[in-house]
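Feature annotation from Swiss-Prot assigns ATP binding site to G162, G164, K165, T166; the stated evidence is sequence analysis. What Swiss-Prot records for 103-113 is compositional bias 'Polar residues'. The region 'Domain I, interacts with DnaA modulators' annotation in Swiss-Prot covers 1-72 and is backed by sequence analysis. What Swiss-Prot records for 72-117 is region 'Domain II'. Summarising the annotation, Swiss-Prot assigns region 'Disordered' to 80-118. What Swiss-Prot records for 118-334 is region 'Domain III, AAA+ region', and it gives sequence analysis as the kind of evidence. Residues annotated as region 'Domain IV, binds dsDNA' in Swiss-Prot, with sequence analysis given as evidence: 335-465.
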Amino acid sequence: MRTKQLWQVALGDLAKRVSRANFETWLKHTELVALEGERATIAAPSSFAAEQLRNKFAADIQETLSLLLGRPIAVHFTVHGQDDEEHPVQRRPQRRALASEEGSASKQLSLTPSPEHGLNPRYTFEKFVVGPNNRLAHAAALAVADRPGEKFNPLFIYGGVGLGKTHLLHAIGHRALANRPTLKVCYVSSEVFTNELINAIRHQRTDDFRNRYRTIDILMIDDIQFIAGKESTQEEFFHTFNALYQSGKQIVISSDRPPRLIPDLADRLRSRFEGGLLADIQPPDLETRQAILIEKGRELGVQMPSDVVEFVARRIESNIRELEGALNRIVALAQLTHQPITLALAVEALREGDARAVREQLTPELVLHAVCQHFRVSLAELVGPGRRREIVLPRQIAMYLLREELGLSLVEIGQRLGGRDHTTVLHGVDKVEEQLRSDEQLRADVLAVRARLYEDAKAPLASRH
């Protein structure tokens, strides 16, 4: 399997392991740029993103690639367009050394202006499939890229998950830079913006932060809905918005909903967002879905038979990301089994790999059952007051999986596990996350429980076929 296709399959697995917000912010725009023996190099859009990947997701990436390739893989991180790599993630890092690296990296984080724009080279206008569902957003994005700051300012693009909002933001940046290479263009997610602000406040470098974001020609901020309820972030973004707008600079914003439906958003921000052009993106129709599959197949270097294209397009109606995921599973199965892509193979690939359908079957009861089965403890022991390590570890893994797989709140998890306090749950989740970076046995246990959980969840689906 080629590196591009391997990474698409890996991303499909990683999307099941981490929260949607984390996947969208940190993993979605990465690439596997090199695979040499037992060494994989992952490229991120910026040094800050590479930093977050190394600190938060290295263990999951390493585990996924090792499983797919059938051999231990060491993961390295770099930045798009840079030859010098970030420090590798060792397969057996010492916990003390890991903590030291994280601390020093945090101190070295630069907030001064840099040439990094955070753009993904795959997301261009040429690769964006236009249909009735996105025609207005596409036309507005083109106009903004060609004449930034002159009209449609701000441009606010909204729509459901996986419909192409992020693609358009990156495409604006690429086209604007192609027209005027000296422009200062910046793409950033609202979560990265918030994290950089927190880091700047912590290290007393807010002036650097403001200089960075208020001297940009085109600022594109993704998933603005995540700043809702964050007063300090909203305050800083409000002043950044005003500074750029008054200087005639272009602002492009994306969200999963229109401004009026974003809860806990400051009225003054809502007013400014609504003062520009609001362009929505709807789910693609059948013809657009077919065109997307053909284009994505071309990018992967495969020609999709027309009956397979129609089958997948009719089967998946919700969003583009699920279309891409289905295509990746089909291509991966064909290459792994050395078979041509046929309708029968596509049916098999989607039946076995319909992660969304399996995920919908997950329940707290299934999680607790899988943990009990793997560790051979009873449910009464798991939710009871016992504090033996043989019980505490499975309980903490249950907390972690209830959080990661089902997205339950800390309070809900505590209620499921014998009425425990939310601080106890938070400690358990954090401890598992921390130890997953260095404890190979724990990673194996979590992987085994997760595999058992998904097998249990597949059972009701299998009975339907």
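From the backbone N, Cα and C atoms, a Cβ is placed for every residue, glycine too.
Counting other Cβ atoms within 10 Å of each Cβ, the binding-site residues G164, K165, T166 show the lowest value at T166. Take the CB of G162 (ATP binding site) and look out to 10 A: across all protein chains shown you find 19 other CB atoms. In sequence order, G159, V161, L163, H167, L168, S254, I281, I320, R321 are the same-chain residues whose CB sits within 8 A of the CB centroid of G162, G164, K165, T166, the residues recorded for ATP being left out. Across the region 'Domain IV, binds dsDNA' (335-465), the model assigns an average pLDDT of 84. In the three-state DSSP reading, G162 (ATP binding site) counts as coil.
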